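Below is one structure, written out as structure tokens; the observations come after it.
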Amino acid sequence: MDRGVLPLPITLLFVIYSFVPTTGLAERVGCDLQPVDPTRGEVTFTTSQVSEGCVAQAANAVREVHVLFLDFPGMLSHLELTLQASKQNGTETQEVFLVLVSNKNVFVKFQAPEIPLHLAYDSSLVIFQGQPRVNITVLPSLTSRKQILDWAATKGAITSIAALDDPQSIVLQLGQDPKAPFLCLPEAHKDMGATLEWQPRAQTPVQSCRLEGVSGHKEAYILRILPGSEAGPRTVTVMMELSCTSGDAILILHGPPYVSWFIDINHSMQILTTGEYSVKIFPGSKVKGVELPDTPQGLIAEARKLNASIVTSFVELPLVSNVSLRASSCGGVFQTTPAPVVTTPPKDTCSPVLLMSLIQPKCGNQVMTLALNKKHVQTLQCTITGLTFWDSSCQAEDTDDHLVLSSAYSSCGMKVTAHVVSNEVIISFPSGSPPLRKKVQCIDMDSLSFQLGLYLSPHFLQASNTIELGQQAFVQVSVSPLTSEVTVQLDSCHLDLGPEGDMVELIQSRTAKGSCVTLLSPSPEGDPRFSFLLRVYMVPTPTAGTLSCNLALRPSTLSQEVYKTVSMRLNIVSPDLSGKGLVLPSVLGITFGAFLIGALLTAALWYIYSHTRGPSKREPVVAVAAPASSESSSTNHSIGSTQSTPCSTSSMA
């Protein structure tokens, strides 16, 4: 019975025993590898190996600092950047400072759900699709990587550094690696482990050849994984997808000794691997691998032993995490890459989606304004002949760096409701190309008023501008007038205790920061609310602070958000402890008084005892001195405590 037509479960578990090829056969297999037509097959992979990088753990750090150096060959590239939070052992991801350094223009599709984040980048090179809901820091003009790393180190302990060549997508896993060293020193060809995985944009070269003297149509797919910089146990996931439903095929996987395989295939195949492997439909069953030659010709010779007539796909890759092999057909059709044909690339490769993402209107002072960066338009290779509102007589003004389109609310076809202003923007191109149209809306901030109120009870009855240390505070952001056109959310809040104090984070990325900050239900009118408990242990104790909240506002008919910051000045007072407890001077005074009274009483009792008992022989008195440093040590510890966080557990006494 032909093995190639065995039922899938049987053939997936079929183990090929090791065959040791002779040297002559390995050198003379009669199979000249040639590049394959890209339309005949595709190989994609993700890897954690970067051209240069490092991973470190920042002990006791409140902020992670990650630095990505992006090197692109073309004038414009696209990148998908995803940040994933780690919640090992139930701990939340701490604050993150991410530095993006790019050598060319890049459009970034960014995802970072519910992660407190600061981004530092050069806005003239890095363009985000949609405004990221994070804190932005302008990257200073620095000329070398060392200068950038020195600057990044001032923001906190560096957790990871990675240099990537032409990435298409990056997944950065946040959190501390307990096995990493405490210092991040970049190394060439570094394996970033679970911290970072990325997919290169460059097409993976695939080779193929026909084995001389072998008849039939049995195909071989060979994947060779090259060793990485670090030898550690690793499982490589291989997804093999063939479009045909019948045929005889062989899959040969070769890798370093520490690599095992998890195989996901949709076709009956013979499997030959180094290292143990398991298949998706039987994940619990592991099959031992065999010893295979460590050369391309040796692996081809193994395919020949299994009666393969064609090596349909031969691929060599660096140490990868996942690899996907797709073949458009099978059954013995062999086709190498055709001779290149000289073609003239189209002059206009403008992306309408990316161009329209640059249209971001702003409203204020009864005027809608949008500015289109001319450099970004040129980077997109777009040629614009006109930028107007719905009323074509309202045209953009051409400045040195921007095309600026603006209009009062009363003209150019503006549609104005109580709090939202809308219009249509039309972008015209040279003759022959249809214009692009985009409906734009923005919130009229002048029509809304915002007030930040502090209350001392959960009933929110009487506002106050004074907070007592150790007392729970209740905060409400009031928006007037009431409207259903705009929804308001608390994006972030913090309490600034001044230049000599701390910045106390209360809310980050719409999530309570700490166990003593609580997001409350909105008011009956829909106003956002939260509460916090502040205990400050600083010398001297701060007497004032500034409470600031960043609000995210969104029109009910639009997904794009705008932001508004509201602040209020707070007075901070120490609690009146007359009926609640004793402060440190009182405690010391009472202690000294009690000691003095006790000493006098002891002396009096000893005097009475010594003069009233009989003249019997007295025993010697032995005095044991208490350590003199105990009291001063306690005092020093209380003075040295400096901390300000919501619901801090530090102590002053």
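Glycine too: its Cβ is placed from the backbone N, Cα and C atoms.
Values in this document were obtained by computation on a predicted structure and should not be read as measured data.
Swiss-Prot lists a disulfide bond between C394 and one candidate from C363, C412; that candidate is C412. Between C350 and the candidates C330, C363, C382, Swiss-Prot annotates a single disulfide bond, the one to C382. Each of C363, C442, C549 is a candidate, yet Swiss-Prot gives the disulfide link of C493 to C549.
Residue annotated by Swiss-Prot as phosphoserine (from the set S632, S638, S644): S644. When you check Swiss-Prot, the disulphide partner of C363 from the set C244, C442 turns out to be C442.
Swiss-Prot gives the label phosphoserine to one of S634, S641, namely S641.
Residues of the same chain lying 6 or more positions beyond the ends of the region 'OR1, N-terminal part' (27-47) and with a Cβ under 8 Å from any Cβ of it are 169, 171, 197-200, 203-213, 296-297, 300-301, 304, 311-315, 317-329, 335-338. C54 (disulfide bond) sits 21 Å from N322 (N-linked glycosylation site), taking the CA atoms of both as reference points.
Remark: of the glycosylation sites N266, N322, the most isolated position is N266 (fewest other Cβ atoms within 10 Å of its Cβ).
Within 10 Å of the Cα of C442 (disulfide bond), not one of the recorded positions from the list C31, N135, N266, N307, C394 places its own Cα. For the region 'OR1, C-terminal part' (202-330), DSSP puts the residue distribution at 10 helix, 60 strand, 59 coil. The Cβ of C184 (disulfide bond) lies under 8 Å from the Cβ of C54, V55, A56, I158, T159, S160, I161, each of which sits 6+ residues away along the same chain. Considering only the recorded positions C31, N266, C350, C394, the residue whose Cα is spatially closest to the Cα of N135 (N-linked glycosylation site) is C350. Per-residue confidence over the topological domain 'Extracellular' (27-581) averages 84 (mean pLDDT, predicted model). Here C493 (disulfide bond) comes close to V475, L506, I507, F530, L547, S548, C549, N550: these same-chain residues lie at least six apart in sequence, with C-beta atoms under 8 angstroms from its C-beta.
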